[in-house]
Amino acid sequence: MEITHDFTKVDEILTSYGMQQAYLIAIMQDIQTEYHYLPKEILEYISEKLELSIAKVYSVATFYENFSLEPKGKYILRICDGTACHVRKSIPILERLRKELNLSAHKTTTDDMLFTLETVSCLGACGLAPVMTLNDTVHPAMTPDKAMELLTSIRENDSVDSLETASSSNDMKETGGKNNE
């Protein structure tokens, strides 16, 4: 399945940095925040707009570990496996999440694109071990059960958000796009 992208948001990001080559990393960070990864088509577009070779753009995208060329889920879970977290049992947390989400070391994103599960070498919060992050929010002293509670909470909140969005959309259709408040 080929994904096509609307470049309006990309143009806004490029313009916010004055179309300057010197801001390539910041531009890529903003694009990744928007799309949860760096799509090939958008990297090619950036290359063209900033008058940089595609090789230069890809070299930056692949040099930095935080950039991803693969789509990621709406919620990115990172399990620390640094020494402090490892000895305090971060691996059982990872294994439980993988089992619950039907993921593996090779398949890290759920089919519904809701979750991506990754391991990191160290999150720099050793005193709080074992640590997990959810979209960069640190969750300290995790256990497999606490991880499951967090997952349940995310799913419930995401379902409520989806229902509210669908309800809002249906309300707009029923009123012909007019707000009846």
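Cβ atoms here come from the backbone N, Cα and C positions, even for glycine.
On a predicted model such as this, the values are computed, not experimentally measured, just so you know.
Annotation comment: TrEMBL describes Cys80, Cys85, Cys122, Cys126 as [2Fe-2S] cluster binding site. Annotation comment: TrEMBL describes 160-170 as compositional bias 'Polar residues'. Marked as compositional bias 'Basic and acidic residues' by TrEMBL: 171-181. Per TrEMBL, region 'Disordered' is recorded for 158-181.
Location within the structure of each feature annotated in TrEMBL.
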residue : record                        : DSSP class
Cys80   : [2Fe-2S] cluster binding site : strand
Cys85   : [2Fe-2S] cluster binding site : helix
Cys122  : [2Fe-2S] cluster binding site : coil
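Same-chain residues at least 6 positions away in sequence with a Cβ under 8 Å from that of Cys126 ([2Fe-2S] cluster binding site) are, in sequence order, Gly82, Thr83, Ala84, Cys85. The Cβ of Cys122 ([2Fe-2S] cluster binding site) has Cys80, Gly82, Thr83, Cys85 as same-chain neighbours under 8 Å, each 6 or more residues away in sequence.
Using the Cβ center of Cys80, Cys85, Cys122, Cys126 for [2Fe-2S] cluster, the list of other same-chain residues with Cβ within 8 Å runs, in sequence order, Asp81, Gly82, Thr83, Ala84, His86, Ser90, Val120, Ser121, Leu123, Gly124, Ala125, Ala129, Pro130, Val131.
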